[in-house]
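As given in TrEMBL:
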TRANSMEM  B:20-38  transmembrane segment
TRANSMEM  B:220-246  transmembrane segment
TRANSMEM  B:295-314  transmembrane segment
TRANSMEM  B:326-348  transmembrane segment
TRANSMEM  B:354-376  transmembrane segment
TRANSMEM  B:383-402  transmembrane segment
TRANSMEM  B:422-442  transmembrane segment
TRANSMEM  B:454-473  transmembrane segment
Amino acid sequence: MARTVLTWWIPLLILQSFLLAIAFGSNEVEEEFSESLLLKPLPDRKVQKFRVKEMELSFTQGRWNHEHWGGFDSLSSMNAKPVGVELWAVFDVPHSQVDTSWKNLTHALSGLFCASINFLESSTSYAAPTWGFGRSADKLRYGSLPREAVCTENLTPWLKLLPCRDKDGISALMNRPSVYRGFYHSQRLHLSMVDSGEEGLGSGMLLEQSLTVVLQPDTVYDGKDLQPSWSLSSLFGRKVVGKCVLAKSSNVYLQMEGLAHQALWKNEEFELSTQPDRILRENSSFLYIFNIDKSSDSEPFDLGLTWKLPSKWSCQQAPLHASRFLMGSGNERGAIAILLKATESQDKLSGRDLTNGGRCTIRANVFQIFPWYVKVYYHTLQIFVDQQQNTSGEVLKKINVSPSTDKMSSGMMEMMLELPCEVKSAAISIEYDKGFLHIDEYPPDANQGFDIPSALISFPDHHASLDFKEELSTLPLLSKFKDKSLVRSYTEVLLVPLTTPDFSMPYNVITITCTVFALYFGSLLNALRRRIGEEERFLKSKGKKTGGLKQLLSRFTAKIRGRPAESPSSESTAAAQSSVLSSKLLFKIILVAGVAATWQYFSTDK
Amino acid sequence: MTKDDGEMVEEQKKKPCRFWIWALSSVLFRLILISYAGNLNLSSRPEVSTPLTSIRRLAEGYWLKQASMSPYAGSMYHGSPLLLSLLGPLTVQRLVAETSSNDLKLCFNLVEFKKEDTLDVSGSKGNQVTSFADILSAILLRGIGKKLQMAYGLNARLLGLLKSPRDKGILPCGDIAALVYLWNPFTIVCCVGLSTSPIENLAVILALNGAVTRRVPLAAFGLVMATHLSLYPAILTIPVIFLLGYGLDAPPLKLFLQTRNVESGNRSSTSSASKQAKSKPTAQLPFLWKTVVHFVFWALVWSLCVMVLCRLSLSKHGGLEEMFKRTYGFILSIEDLSPNIGVFWYFFAEVFDFFRNFFLIVFHVNILFMLLPLAIRLKHRPCFLAFIYLAISSLLKSYPSVGDSALYLSLWALFVNELADMKFSFFLFCGYLGVSLLSPVMHNLWIWRGTGNANFYFGNAIGYACFQIVFVVESVSAMLNHDRALKKCNPNHQKVKN
């Protein structure tokens with residue numbers, strides 16, 4: 001079973017890099033081109049207007065499988081994104097204006113990408129990470145929407161930013177059904193301001209778009225242990241017909257990791273359908289580069305791979321595998337736990353470059369945003385290393401907490417852990433109380449629960465990069481991969497169910513509560529006021545002695561027929577009193593209701 | 001007379017003995033409960049810990065302060081900064097002691113995790129806090145014990161005046177009140193659940209005690225502290241000033257005047273004018289302006305002290321402005337909608353945003369509105385007035401807990417003699433019992449099991465509010481009836497004498 005599962009991963013990974021190539025290929029094009037064409041709706045005005053220094057927006061569906069798809073390569077560290085929408089931006093404005101710029105940016109992006117990014121506008125949904133995000137900038141804002149459903153309406157505006165859209169070049173492969181059929185897809189937009197260095201030109205901007213898709217080849221499993229063979233046309237249902245005329249270069253890369261002994265495109269293990277234009281050698285892998293310039297209508301480019309021998313696939317793992325889960329039951333409180341488990345690759349990594357003062361350690365940064373309705377008790381933070389609770393500050397090197405304010409801001413926690421290399425597992429647990437919201441604050445499907453955004457675990461001492469010997473300035477994607485990138489992984493999104501009030505009850509609650517208070521007010525005032533009446537009655541009865549009382553009695557007996565007339569007078573007076581009381585009470589309640597009604601009438605009239 | 005005196009002395013000897021036995025046994029009972037507190041899970045019950053009194057929130061505030069952040073950062077802690085520096089270290093010690101004693105082991109298993117979770121949330125009770133609670137109870141006890149003597153003397157004087165034959169029937173209300181406080185399940189639950197409401201109650205009782213025993217600085221201190229801790233005791237200024245100005249609870253002034261007149265009329269009709277002139281100043285009970293001014297001065301001094309201390313402890317972050325915003329502001333603008341035994345949480349969770357401010361004002365004014373009528377009507381009974389004020393404020397509080405009920409119920413026991421013929425007492429007892437039994441059930445059904453909804457718990461809260469209303473109204477009318485009965489007694493006396 002495991003084997004069959006493993007067999008899938010190779011083609012998948014290949015496709016990821018392949019698609020990345022598309023993104024970067026087309027991206028490069030943009031730099032070459034006239035502004036009007038390449039930066040059509042999005043960047044120019046917006047960037048200048050909001051003074052964005054750097055910005056990244058990603059739409060993701062599905063979760064990157066760090067265990068099977070790799071956690072220690074440039075691809076995963078750059079393109080594995082949390083579910084839903086993630087947006088971060090660094091601004092170039094004074095501190096006081098950062099938040100307003102952020103709000104404007106979210107609104108603009110929301111309109112541009114047909115997504116509810118504008119929900120990130122409210123201060124309860126974004127945070128300002130200081131160092132935990134791995135990018136230390138004091139004007140950084142970070143927000144994510146785990147609930148956002150990503151679909152074609154988000155992809156289309158993204159494709160519109162490409163010079164040839166999805167009409168020509170590699171992007172023609174973007175057949176919607178095949179893209180959205182995959183396990184994982186993530187579209188990413190990275191925008192950064194770059195100083196050209198030259199005087200006259202001033203600063204320019206660099207827009208990177210990348211789409212990462214993990215697909216499963218459609219080939220029928222033929223019973224042998226061979227992995228399924230695939231081709232571009234079988235995966236996407238389309239072929240590449242020539243490059244986008246506006247593109248400077250348009251390349252397809254195929255990375256084969258670990259298995260090939262020789263850099264041949266036809267060997268005893270597998271066979272490629274097309275001859276690569278160039279083969280690069282990395283540390284443990286080979287990179288086959290295909291240039292699609294030559295392809296045309298008559299001769300479309302269709303890369304295919306056929307396996308000849310069964311092969312086993314393994315990928316390089318991040319030093320620790322992070323997962324997150326909820327503990328506890330009920331809707332009152334709970335706890336969040338982040339579990340870091342050692343992976344196999346850790347052993348070889350730990351000895352390499354992590355000796356710190358004679359002690360081998362792994363550093364891990366945890367960055368986590370808590371929505372305000374998850375009221376975290378930071379004093380309950382517990383760290384367990386190898387199932388032993390760690391109370392001393394040995395493991396927890398640095399912690400930065402900004403607690404959440406009810407309905408005002410979200411909470412943020414940044415932690416730097418320093419774990420010994422031989423650690424098997426480490427766990428962080430923190431308790432929280434669930435908040436209770438106003439009925440208007442619940443989303444339409446309130447009983448589904450609320451999402452806590454992914455935590456980001458990054459390893460500041462570990463960097464992933466592809467290590468090429470060759471000079472790669474002409475291949476922008478690869479030069480990007482050659483840069484060291486921080487190893488990071490996002491954890492699962494947590495779904496926290498919150499208790500709901502009865503949504504159909506507002507009127508009942510208001511009337512019942514007001515009645516109770518009317519009861520309090522009326523009866524207490526009555527009890528206090530009773531003396532005068534009683535004294536008067538006392539005086540009257542003293543004066544008339546019998547007349548008044550008898551009259552009252554007779555009237556009372558006339559009122560209630562059937563009752564014996566010899567009911568004691570004190571009781572009758574009490575009853576009469578109580579009837580007076582209740583009628584007065586009734587009157588008061590009616591008065592209050594009337595006032596409320598007129599209030600309502602006049603307020604709605606406005 | 002000598003025989004009576006002997007009996008009295010004997011009783012007085014016996015009573016404290018028995019009283020101390022009961023008090024000690026209540027402390028023992030608490031200690032026993034505390035050792036099982038882990039299973040009781042009381043510190044997170046909504047009835048015990050409100051956002052204002054929760055010990056967990058206090059621990060969080062302390063942690064934030066230790067991490068050189070404002071304790072009010074985030075919306076966890078809403079109490080006093082002084083309480084934080086007083087109780088904060090205890091919570092930390094508690095945690096450390098807990099972690100070192102409990103050899104916790106982490107298992108990557110949800111069930112195991114859950115167990116540990118509950119263990120830590122509730123089970124960590126340090127001895128420090130419990131001993132603190134015990135000392136607190138002892139102080140409360142003594143404060144009420146002093147009141148007992150005052151009330152006793154008052155009653156004796158009153159009866160001497162009336163020459164009632166029921167001389168021996170006077171109940172030792174101080175002992176009863178103290179024991180009611182100590183043995184009230186609400187108090188015990190608050191003590192074991194480590195809420196801060198016992199401390200607030202202590203401050204209130206200190207104020208009353210100081211006013212009753214005419215220790216003006218103590219009264220001022222208690223009042224200032226109580227107001228500082230929970231805002232609502234500010235309304236106790238009126239009864240405390242009455243207590244200091246007019247003296248202790250007494251039947252209405254008219255009665256004294258009448259009896260004086262009768263007595264003077266009996267003794268000599270010739271020099272009636274001179275007698276009246278003599279008796280008038282004593283009968284009119286002059287308002288002691290000097291004491292009251294003294295009290296105001298001390299109150300100012302103490303509040304200045306409290307301000308300065310708060311200022312010092314918050315100097316690095318926010319200062320006093322933030323403190324007022326986060327404590328009093330939080331109380332007044334009911335922001336936290338987590339369920340408690342009051343009715344406001346659900347009301348403000350459901351009410352339309354447009355009306356929110358209107359209702360906030362209405363509900364808060366409701367407390368203030370009743371102050372004046374009550375003060376006019378019960379001017380001669382300032383202690384009782386204080387009790388009614390406390391009951392009203394605990395009824396209309398934004399975040400009520402059972403600790404508030406415990407306080408006013410024990411104060412109620414101070415007036416057992418006067419309120420002996422209170423109506424509906426059995427009904428009320430059953431009501432309180434029923435509500436306090438149903439509340440955890442409803443909460444469990446709604447929050448933990450998910451089989452009930454919020455209306456279950458809210459219905460319970462409404463029932464509780466209704467019982468409290470009946471309780472307040474009935475005790476007020478019983479007290480007024482008692483005065484009336486005294487008045488009725490008096491003319492008879494007059495007639496007999498005449």
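Glycine is no exception: its Cβ is also placed from the backbone N, Cα and C atoms.
Beyond its flanks by at least six residues, the transmembrane segment (B:354-376) meets 232, 235, 238-239, 242, 332-334, 344, 347-348, 385, 388-389, 392-393, 396, 476 of its own chain at Cβ-Cβ distances under 8 Å.
Away from its own ends, the transmembrane segment (B:220-246) comes close to residues 52, 79-80, 82-83, 196, 199-200, 203-212, 214, 285, 287-289, 291-292, 295, 298-299, 301-303, 306, 327-328, 331-332, 367-368, 371, 375, 379-380, 382-383, 385-386, 389-390, 393-394, 397 of its chain (Cβ-Cβ under 8 Å, at least six residues beyond either end).
Sequence-distant neighbours of the transmembrane segment (B:383-402) (same chain, 6+ residues past either end, Cβ-Cβ under 8 Å): 47-53, 147, 151, 186, 189-190, 195, 197, 204, 208, 212, 232-233, 235-236, 238-240, 242-243, 248-249, 331-332, 334, 336, 340-342, 344, 363-364, 366-367, 370-371, 374-375, 408, 411-412, 414-415, 418, 436, 465, 468-469, 471-472, 475-476, 479. Outside the transmembrane segment (B:326-348) by six or more residues, the chain places 46-47, 50-52, 72, 75, 77-80, 230-232, 356, 359-360, 363-364, 397-402, 439, 443, 447, 454, 457-458, 460-462, 464-465 with a CB less than 8 A from a CB of the stretch.
Beyond the ends of the transmembrane segment (B:295-314), by six or more residues, the same chain brings 70-71, 80-82, 84-85, 216-217, 219-221, 223-225, 228, 237, 240-241, 244, 320, 322-323 to within a C-beta distance below 8 angstroms of the stretch.
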